[in-house]
Amino acid sequence: MRFFTLLLACGLLFGLGQALSVPKDAAGQSKQNIDCSTPMECEALAADWLNNVYEVEMRAKFETYTQKDWEYNTNINDDTSQGSLDASEEVSKYEKESWNQYVTQFNTSTFSDPVLKRRLDMMAVLGTPALPEDRLQMFNKIVSDMQGAYGSGKICPYGNQSCDLATEGLTLEPSLEAILTDVENHSWDELVYVWKSWRDVSGKKYRDQYKEYIGLNNEAAEANDLPDASVLWLQAYTNDLGPDADFKADIEAIWQQMKPLYEKVHAYIRYKYMEFWGNDYNMAADEPIPAHISGNMWTQHWQNTYKVAAPFPDVPNPLDEVDQALQDQNYSVRDIFELSNSFYISLGLEDMTMCFDTPCVTENTAENAECVANNPMIEKPDWDVVCHASAWDMYHTGRDDYRIKMCTEVNFDDLVTVHHEMGHIEYFIQYKDLPLQFRDGANPGFHEAIGDTMALSVQTPIHLKSIGLLDEIPNSFEADINYLLKSAMERLMFLPFAYTIDQYRWALFDGSIQPEEMNYKWWELREKYQGINPPVMRSEEDFDAGAKYHVAADVPYTRYFVAHILEYSFYKEMCLQSGNYVAGDPTKPLFKCDFSAGSQSQLAGAKLKSMLQAGSSQPWPATLKAMTGSDKLDASAILEYFKPLSDWLDDEITDKNIPVGWKSTFQRFMAK
């Protein structure tokens with residue numbers, strides 16, 4: 001995950017709409033008038049202020065705030081929390097003053113410099129700093145409290161439910177996730193216990209605060225002259241589109257494009273889960289799947305249950321060998337980062353050693369805490385941290401301080417995650433010389449897509465063999481289907497989750513979901529799109545959506561849905577550039593392409609590099625077209641990637657008479 005709480009808190013998630021000319025700010029204060037009399041004078045004044053005042057002062061404030069927030073995320077306590085809040089308020093105050101006194105005073109439609117115009121137009125929507133000071137402080141405090149509760153949440157072990165939480169409690173990472181990912185070695189009841197208990201110590205704890213959070217978000221939208229916060233959250237996508245565009249409808253259309261394939265995979269996995277669990281747990285062939293048995297706390301990725309669902313269990317999946325190879329070859333956490341870095345360098349991209357190079361250790365000492373506060377964190381130290389992996393641009397003067405924060409384990413999943421986070425770092429480095437307004441992805445989905453594009457290539461058997469993590473490349477139809485199903489369980493099954501989590505929050509913001517039905521509507525959406533239900537009774541005292549980090553931390557999620565569509569489009573283009581994929585050639589199918597292989601690999605890297613260097617300096621459809629040849633989001637590449645699996649599922653579903661789809665049953669789990 002790219003670190004972008006800063007962007008939200010500080011108002012850098014700007015829309016690209018028309019410049020505003022509002023005489024008073026959100027608190028009713030009068031604004032200063034700009035002292036210029038002609039369009040030419042005003043444009044010159046705007047350029048001077050933006051380049052020589054704002055750019056310098058704001059970067060310094062970003063650097064201070066980002067460092068303070070890093071200290072909080074890597075050492076959760078009251079002091080670091082307050083330090084982060086204080087620095088955030090300083091940034092917000094400066095941003096608001098700049099907006100009032102300068103940004104809204106310029107009529108950019110008269111400007112002749114398109115770059116200057118775009119930069120100011122990107123600042124036209126202020127975001128949450130438009131709130132009055134006391135309301136902004138409340139907003140920041142609520143988000144900080146929710147994030148802190150999430151990061152420090154612990155539960156007792158299943159076999160010792162009256163434990164001392166301080167000394168025996170289990171944290172989400174790695175303990176609880178390790179239990180849920182290993183369904184074969186844990187009972188149904190233990191999985192239910194872990195699933196429910198995490199929700200008791202996370203979302204349920206801040207349900208009431210979240211209601212306040214909704215209201216404050218909408219107040220911020222109103223202060224930006226927008227109808228509600230759902231519109232504010234979508235500005236980064238919609239303001240580069242035409243006036244008649246409907247981005248929500250575009251996302252729904254992409255989902256409908258994907259839905260038939262998703263339902264086939266869902267049906268097959270449900271069939272295999274029922275075989276594994278038997279008839280003792282009230283599962284039905286035409287009903288949603290219980291949410292606790294997918295191998296993931298949030299049922300967003302299902303690949304950890306691949307062995308339960310393997311189409312050809314006697315044919316090894318090459319990805320299953322990687323964990324053992326990493327152990328056998330004594331890989332360290334740092335070795336995983338070095339491996340990822342070498343992959344990027346092989347494509348002609350920049351060295352990223354600085355983002356993981358650290359002298360810090362894990363012991364709980366004052367000296368080590370100081371070390372972690374000023375260096376990358378690639379292993380969990382012996383104190384409370386926010387383990388959720390993230391990549392950070394520290395906004396250092398020399399544009400040379402980029403860090404990864406991750407509680408890394410030596411396994412294949414974390415190898416993939418490392419490639420993802422380093423994709424963010426590479427993006428930071430490539431656009432580092434652009435103005436602040438352009439130091440971002442073309443849209444938020446672009447930032448998330450880069451590392452995942454790399455991972456599609458890294459996880460191919462061809463690549464894994466080339467780096468010594470796989471002995472042989474399997475060459476059979478059965479091995480291909482095994483490989484594609486596991487990939488679908490990771491990426492395809494994620495899509496409706498990614499869509500639902502923001503659909504839900506949009507609806508809370510626009511009022512179509514009321515606070516008194518927050519949990520009911522959450523499960524209604526999850527059943528509709530994902531085909532899952534809770535494993536135990538839920539009520540409106542629960543807040544199950546809040547069990548996800550991004551909900552607690554005020555992070556929009558549409559970026560991940562968009563990213564999963566983009567990554568296959570980018571991957572296809574890079575495979576074409578490298579010559580390792582040829583449309584219609586059965587010897588070079590898309591899903592087997594490693595674009596880092598061969599003499600043309602740097603052509604693929606050059607294509608990507610050009611896109612990264614553009615940052616957000618032009619409308620995202622133009623950046624997308626330069627990369628893929630089309631300015632539209634489209635799921636055709638992902639459908640092509642999984643076509644062999646889709647065809648096989650058609651035959652399997654027919655032969656075994658497997659029901660596809662599900663009937664609605666979620667209401668039986670909702671307490672009146």
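Cβ atoms are placed via backbone N, Cα and C, with glycine included.
Between C593 and the candidates C407, C575, TrEMBL records a disulfide bond only with C575. Of all the glycosylation sites given, namely N75, N374, the one with the smallest number of surrounding CB atoms inside 10 A is N374. For the pair E421 (active site, proton acceptor 2) and N160 (N-linked glycosylation site), the C-alpha distance works out to 36 angstrom. With all protein chains in the displayed structure included, the most crowded Cβ environment within 10 Å among the recorded positions N160, E421, H550 is that of E421. Closest in space to N160 (N-linked glycosylation site), of the recorded positions given as Y237, H550, R559, is H550, taking the CA atom of each residue. Put simply, of the recorded positions Y237, H550, R559, the one whose Cα is nearest the Cα of N374 (N-linked glycosylation site) is H550. Nearest in space to C593 (disulfide bond), taking C-alpha to C-alpha distance over the recorded positions Y237, H550, R559, is R559.
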